[in-house]
């Protein structure tokens, strides 16, 4: 069954509507999952905090958590990626309603029913309500807000990869989900490009709307396909290499996906699947919001970027423009052609 949010709030001081939404949903005993930095946003509400005891990498939360979870009728995730991921995972695992309250807008996980770990998708609970308080989000680091653009433009190449897979492998494909996903991305690109760099006051609001729409598209499709393709494989490949080599690089998902999108869009351009204008607009929109477009901005040297691209197709069994993989020699040429190295 497709589950989409019943309530979506995107406005200044939106968090003040939390009690009203809980009342409308007949939810009386929420469990709030948040972190040390984001706890302040929910401190005026008399709810129970539970964060440090939960680790989604383990098969089961600890005994204390299990004994307490029955006392709550919903989970509220307040924070960035981790708090919301943990919240919707726990909500799914223990059959609770989930409310998402993002404190930044760096990826579509704020609305999707999926958690991604090193390229693998873990099923989670779709939010029944999303409260995006623009006062809070606008105060989040600019780097995170620019990373959100990278996660949104990736929908463009994700949809191209999905359609390619349908043609070459007969993978099930939803035209409506694909159009919805691409439209969300293109509208944000057009907004960014049509406004002066110093006149993007509405960008956070437009970005949040796009990220929520992207997350909902995943729910409708029942798959991450509309929002995750070869560009995400590249990002996950970077994550794996970083961890393996124990590199001190704080890679942000959306930033890596943005660069991955430039790569994927270039490959689709070569095959005639997009125009040169569409390719250039992806890169220009990223630059305009301050997102990285070259490898050095991420902190990776060229050899790591080459390895990540050459091994990206191995991350998961998903047919993309990378197909069965590309050689390191070809990967280097692509990265040079796109000015990433």
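Positions of Cβ are set from backbone N, Cα and C atoms, glycine also.
Features reported for this protein in Swiss-Prot:
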type: BINDING; residues: 81, 82, 83, 84, 85, 103, 104, 105, 106, 112; note: NAD(+) binding site
type: BINDING; residues: 108, 151, 236; note: substrate binding site
type: BINDING; residues: 151, 232, 253; note: Zn(2+) binding site
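All features noted in Swiss-Prot, drawn onto the structure.
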residue	record	DSSP (3 states)
81	NAD(+) binding site	helix
104	NAD(+) binding site	coil
151	substrate binding site	helix
232	Zn(2+) binding site	helix
253	Zn(2+) binding site	helix
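Listed binding-site residues: 108, 151; maximum Cβ neighbour count within 10 Å falls on 151.
Between the C-alpha atoms of residue 253 (Zn(2+) binding site) and residue 236 (substrate binding site), the distance comes to 8 Å.
Residues 107, 109, 116, 154, 227, 228, 232, 235, 253, 254, 257 surround the recorded substrate site, their Cβ atoms falling within 8 Å of the Cβ centroid of 108, 151, 236, which are themselves excluded.
Nearest Cα neighbour of residue 104 (NAD(+) binding site) among the listed binding-site residues (151, 232, 236): 151. Rounded to a whole value, the Cα-Cα separation of residue 151 (substrate binding site) and residue 106 (NAD(+) binding site) is 7 Å. Looking only at the binding-site residues 108, 232, 236, the one with its C-alpha closest to residue 83 (NAD(+) binding site) is 108.
Separating the Cα atoms of residue 106 (NAD(+) binding site) and residue 232 (Zn(2+) binding site) is a whole-number distance of 14 Å.
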